[in-house]
């Protein structure tokens, strides 16, 4: 079984760690003292049994260590039994092991979430439950970084949580985002990427990825989610020290409200998508029928005044009325639909017939008479003209607006993204799959909760012995552990080189950052407020704001990303590190 095999590293860890962090023995020094010497109660005294000529008092031998106990470097074991060390290599080893365990936790949570989503589908589960589970490892590490110990110790350790929060956001939007563009690139035709066609190779402008409009919405939501960072930073911007605690509380409330709003949006998003997709399919029916009628009327659907020509429309009615009963039945409309090529979409002909009947049949008798047909087609023609009224297109008398209306509908449908290419798999044993999903979720949550605190301790110990700020360790190393499972999944999706999978990939990246900005930040702000810690993370917040706003605006107003855009993302990563270093350690912002 795959899950049981992956538990082997957890068991192996305790054995290897015990060997790597064994205590170091020190050779004792021998010092001779007389009884009049000042001896501590902890000293070990032994008589040599020989009388000295110069004194009748026996000489005593003091056995002691080479350094006083208070001078020795010590470490505190997590939970009282997990191994710890004061050496560089030992702490590095512990960071790698604990980081791998957090990676396992993230993977189990991801696998369990996918299984649960297959069974229950989107909505409540996909909108509320699964996004929070994805952010659970980060949230646990942030929580334990400052929940224990004295207030002074928490103030020092909470820097690990801030480093993880900033590092996770920056890594997702720079290294992972850029890599998904490189791996998922295909040939670009204007603003549309051609699925599975990669003949232009590494052309900076001719190769890239494209996404649907929902991905742009996700980028905009991510940009909005940085509002709590701005609120909590206002006292520092205004150079006020009195309102810092209140700013933390206000930012916490705003973050929680945004979290609830985001989850509700995720719950209703599938329904919104279906409604918009149904609407654009309706427009496909309109444009398809209008183009068909235009072809059979030789382009004379409009009169000289630019209004629908009733005589032409009545003649077209007679060509569709196959049995000459002066009314169109569902079967006659179906024959019309079959003769029209709806090659852009997977359109159900029966559904299209029902759409036409709902639009035209005002009498409700399930038939369309001649007058209903003329009125309905006239309304469609006017609707097509209105939709293009603001464009500088040829005049309506030429009937070219119908072709432009058709192209506009195709572009609209392309932006929405068709979901018919999703593979729906039947679950053979839903009961067992449900049990497996729950077990994976529980196992992942348990590992994340158990090893978050030891990982934070190992980072702090490593920072102490190397003099490397714990922020940079957590900024670079910890996101690799907590987000690696999501990163691998995103890269695999991107490698399929399809617009649908690219949209899902970038939507998940934006969604993960949004959860960092609302859920993980809520945990962080609650910790700072409850323990009365000082919010002093100006440089870190600035980095988060710059990366989120730049990449958020980048993804909000375009759906095509040529290969050159990946370089923007890659450059932002070292820029973030350098900026924090300069602001904190050169200019003394914190």
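Counting starts with 1 at the first residue shown.
Every residue, even glycine, has its Cβ placed from backbone N, Cα and C.
These numbers come from a predicted model, not from an experiment.
Copied from TrEMBL, the annotated features are:
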type	residues	note
COMPBIAS	33-47	compositional bias 'Low complexity'
DOMAIN	308-343	domain 'EF-hand'
DOMAIN	348-383	domain 'EF-hand'
REGION	33-52	region 'Disordered'
SIGNAL	1-25	signal peptide
TRANSMEM	79-103	transmembrane segment
TRANSMEM	115-137	transmembrane segment
TRANSMEM	157-183	transmembrane segment
TRANSMEM	217-234	transmembrane segment
TRANSMEM	246-268	transmembrane segment
TRANSMEM	437-456	transmembrane segment
TRANSMEM	468-494	transmembrane segment
TRANSMEM	506-527	transmembrane segment
TRANSMEM	533-554	transmembrane segment
TRANSMEM	561-583	transmembrane segment
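Between the transmembrane segment (437-456) and the transmembrane segment (79-103) there are 3 or more Cβ pairs closer than 8 Å, counting only residues 6 or more apart in sequence, so the two stretches are in contact. As a summary of secondary structure, the domain 'EF-hand' (348-383) carries 26 helix, 2 strand, 8 coil according to DSSP. Long-range Cβ contacts of the transmembrane segment (468-494) within its own chain (Cβ-Cβ under 8 Å, at least 6 residues beyond either end) map to 95, 98-100, 102-103, 106-107, 109-110, 134, 137-138, 141, 156-157, 159-164, 166-168, 170-172, 176, 179-180, 183-184, 209, 455, 459-460, 462, 501-502, 504-505, 508-509, 512, 540, 577, 580-581, 584-585. For the transmembrane segment (217-234), same-chain residues at least 6 beyond its ends with a Cβ under 8 Å from one of its own Cβ atoms are 243, 247-248, 250-252, 254-255, 258, 262, 265, 506-507, 510-511, 513-514, 517-518, 521, 525, 535, 538, 541, 544-545, 548-549, 551-556. According to DSSP, the domain 'EF-hand' (308-343) comprises 20 helix, 3 strand, 13 coil.
Long-range contacts of the transmembrane segment (157-183) within the same chain: residues 138, 141-143, 145-146, 149, 208-209, 456, 459-460, 469-476, 478-480, 482-483, 486-487, 490-491, 494-495, 502, 505-506, 509, 512-513, 516-517, 520-521, 524, 527-528, 533, 537, 540, 543-544, 547-548, 551, 561, 563, 565-570, 572-573, 576, 580, each at least 6 residues beyond the stretch ends and with a Cβ under 8 Å from a Cβ of the stretch.
For the transmembrane segment (561-583), the list of distant contacts is 166, 170-171, 173-175, 177-179, 181-182, 185, 188, 202-211, 471-472, 475-476, 538-540, 542-543, 546-547, 550-551, 554, 589-590: same-chain residues at least six beyond its ends, Cβ to Cβ under 8 Å.
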